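One structure is given below, encoded as structure tokens.
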Amino acid sequence: MTENTDGREKRETINYAPTTSLYSGPRSSRQTFAYKTKTPETHYEVLNVKSDCSKQDIRNAYLKLSKQYHPDVKSNAASVEKTARFVKITEAYQTLVKTSTRKDYDDSLIWYPGGARETIQPWDVRPNYNPNPGPYYGIKGMNRVSNWQVALFLMSLGILGAIFGFSSVKHSFALSRQVQDEISAEANSHHAAVVADAQKYGNQEQMRRMVERLARDPLGRAAAK
């Protein structure tokens, strides 16, 4: 406040400029921290093919991506992201390779050209998500076995089964041959004894013995025993 020459006080007016906010960014950007809108890939984008591609193009794309993301590949076994990507690739292939399911899917893209929209929050954690999953087979210390290891085990088991079966058949054949040889030897021995008796006692003696044997046992029950 100053004083005029005439003794009257002169009031000074001070104008205060409006303060600027320390946050200079757009207000709407603060809202994106809370949530964001995610547009998932279409099946065509997953397979990296055009929407008017042929079935052969779809098969070729699936084979190429399967070699890159298949869980049985050693470098992909421990990668959760690549496993999830392989699941999406398989789902896209199964949908697009069939004419009927592909038509239904194309019709759905008319209503949702960019695919169904999904609103997610960055801090959301899925209820079934486990950052430290347990053993693959439920047995501690037992890792996942690849398909080629399973195939090798089954092949070895089949070879062992074939060897065992061949040995069993061979042993059974040898045992049957031994029994036949014993029966043949016994028959030859009996025949030799009959021939020896015939030569020793003559035909008349043999006829007499046969008559006596038939008289004692007409039905031949003793011989049958």
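The backbone N, Cα and C atoms fix where each Cβ goes, glycine too.
Features of the protein shown, as given by TrEMBL:
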- 1-13: compositional bias 'Basic and acidic residues' (COMPBIAS)
- 16-29: compositional bias 'Polar residues' (COMPBIAS)
- 42-109: domain 'J' (DOMAIN)
- 1-29: region 'Disordered' (REGION)
- 150-169: transmembrane segment (TRANSMEM)
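Taken as a whole, the domain 'J' (42-109) shows an average pLDDT of 89 in this prediction. With a threshold of 8 Å between CB atoms, no same-chain residue lying at least 6 positions outside the transmembrane segment (150-169) comes near it. Residue counts for the domain 'J' (42-109) under DSSP, helix first, then strand, then coil, are 51 helix, 0 strand, 17 coil.
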